[in-house]
Amino acid sequence: MSEKIYPVPTDIKKNALINEETYQKWYRESINDPEAFWAKHGQRIEWFKPYTKVKNTSFNGDVSIQWYEDGITNVAYNCIDRHLKNSGNHIALIWEGNNPYHDKKITYNELYEHVCRFANILKNHGVKKGDRVTIYLPMIPEAAYAMLACARIGAIHSVIFAGFSSEAIADRIVDCKSTFIITADQGLRGGKLIKLKNNIDHAIDIAARRGVHVNQVLVIRRTSGTIDWVKGRDFWYHEEISHAKTDCPAEMMNAEDPLFILYTSGSTGKPKGVLHTTAGYLVYVSMTHQYVFDYHPGEIYWCTADIGWISGHSYLIYGPLCNGATTLMFEGIPTFPDQGRFWEIVDKHKVNTLYTAPTAIRALMGAGNSFVEHSKRTSLRLLGTVGEPINPEAWKWFYHTVGDNRCPILDTWWQTETGGHMITPLPGATQLKAGSATHPFFGVQLQIIDGEGNVLEGEAEGNLCIIDSWPGQMRTLYNDHERFIETYFSTYKGKYFTGDGCKRDNDGYYWITGRIDDILNVSGHRLGTAEIESALVSHPAISEAAVVGYPHPIKGQGIYSFVTLMEGITPSEELYKDLIQHVKKEIGSIALLDKIQFTPQLPKTRSGKIMRRILRKIAENDFDNLGDISTLAEPQVVDDLIANRQNTEATA
């Protein structure tokens, strides 16, 4: 762990919304009297009917989480309408296309009109409050319009990352019984064309075989590429919008009405539908956006995340727009047309805050400094990281090379389930350590707990838990409250178990050490090992599969697969490549296998349980620390696995 302290820059401290003294005062208030603290900060959004109840939460028994439960509001109203009187002509959204020559700026007035038209299209097609709408779109302005249109009329959106396959889409459609889909003909991502409508057509067929029938598909024209068309089911957005009205009243939404479902990987292989509701989520993401990014009116803020992930929901769309900010949406990738794209965008749009993933930082760091040095980046004030812990080397490169030693780095730890930032520096309050997420946000009570359930004090390492609720917390797993309780509240009774390991140093700084369950964090995206194993075993040549993570210089964690073959099948380069393509087809390109090791047997206990601990060590090339292997049914299997390992680089 890095012990060098990076002080708060004087110019940041001078103008910051929160200094160290205010942080300490507010944090104490938020812990000592959360009811009063969140009653005050709940006023940051506008209410149609004010709340009288603030916090009604329990982590025990049936687990119930309610915030501002008798208040009535609307998320889209707060993100658009309330800004129109004073800021209607301010830029709400800057869109930077995949092509460097394509961009557009949308004011709050224009955003209002786009969202109302979109909402009226949904209503014209019978979509109503409580209906689930699947959104499978590239990073185009219509993706933001679609989300906000759902929020405006009270429909529950389920956004699916545009890299997911037909099978993964179908899983999500079936789970939430969505019958209305919004997609595009195709998507552009770097030099690749993504056949979105084609994927949706296949997903609809799969869902139908599983008993869920999609009735309507709204298609946005992005490339004008050739697509299949089902008359009576498929509708063109550009045709529908031409006769849609430009005004649509915001639905009266109870504070605890669902806002969206976002699916995240589960250790059983079945994706979990994380449910976020209306008011508490919006209070929390707008507050964290304002204070974590020290947002001042007029600044240009850029979160590089895709809308298919929680970062895109909370810190590209809802948090910034609720605060009346200018938020930048980028369709492309950081390395297209070359590795200077991020820095060109920063200069072109005079970006003040850049919030991106360690994966992107490592990839750009690997390209050398020349691309960075050819840009000015003088507009940058703050840098942020999200999605996974950032290693100190990448942190320092980001700080020194990109930020010219003057931009604080906001290393934020949080989850799809938490809704917003949980452990994070505040620019004007927090001295930094490279690789540490530093301190908890207001209202966040952390505990580090050992394997026996003992709470560890002072300098310690163990499992990270949160002992009380916060407004942005997920409320349940969609249609599976039992799994919600089992997943998050059964390991340590009365506490939210994050599934992450954590260290606290002697200065009280927190360091996230990574997942301690069977979830991989690949390029900041969570993938269940069970889901990948299921995909592998569905291949006719595969008898058994076990998947583990290993340190990857770019992606954080790589995907290492151990596979045993069916009788009569022999390993080959062709099969190796076929397995990679098969998993991509089953799950999506995000699940790109990095290493495949063919093995006659997997290490199993006498009861038949695969010893993943051993596989992890071998994948990490750390086989000197295998521990006790005497419980294996056939200990000699380990020697073969070590001899044929695919990763021969020692762990850091």
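The backbone N, Cα and C atoms fix where each Cβ goes, glycine too.
Database features, via Swiss-Prot:
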BINDING   R189, G190, G191, K192, S311, S523, K584  CoA binding site
BINDING   G387, E388, P389, D411, T412, W413, W414, Q415, T416, D500, R515, R526  ATP binding site
BINDING   V537, H539, I542  Mg(2+) binding site
MOD_RES   K609  N6-acetyllysine
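Positions of Swiss-Prot features highlighted on the structure.
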| residue | record | DSSP (3 states) |
| --- | --- | --- |
| G190 | CoA binding site | coil |
| G387 | ATP binding site | coil |
| T412 | ATP binding site | coil |
| V537 | Mg(2+) binding site | helix |
| I542 | Mg(2+) binding site | strand |
| K584 | CoA binding site | helix |
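Checking Cα-Cα distances from T416 (ATP binding site) against the binding-site residues (R189, G191, K192, V537, I542) with a 10 Å cut-off leaves nothing; none qualify. Less than 8 angstroms from the CB of T412 (ATP binding site) sit V292, G384, T385, V386, H421, I423, T424, A437, each of them six or more residues away in the same chain. Checking each of the binding-site residues (G387, W414, R515, V537, H539, I542) against S523 (CoA binding site), the C-alpha distance stays within 10 Å for G387. Here the candidates are the binding-site residues G191, V537, H539. The one whose C-alpha lies nearest to that of P389 (ATP binding site) is G191. The DSSP secondary structure for R515 (ATP binding site) is strand.
Here R515 (ATP binding site) is compared against the binding-site residues R189, K192, V537, I542, and the shortest C-alpha distance is to V537. The most densely surrounded of the binding-site residues S311, T416, S523, judged by C-beta neighbours within 10 angstroms, is S311. Of the listed binding-site residues, namely R189, K192, R515, H539, K584, the sparsest Cβ surroundings within 10 Å are found at K192. Most Cβ neighbours within 10 Å among the binding-site residues G191, P389: this distinction goes to P389.
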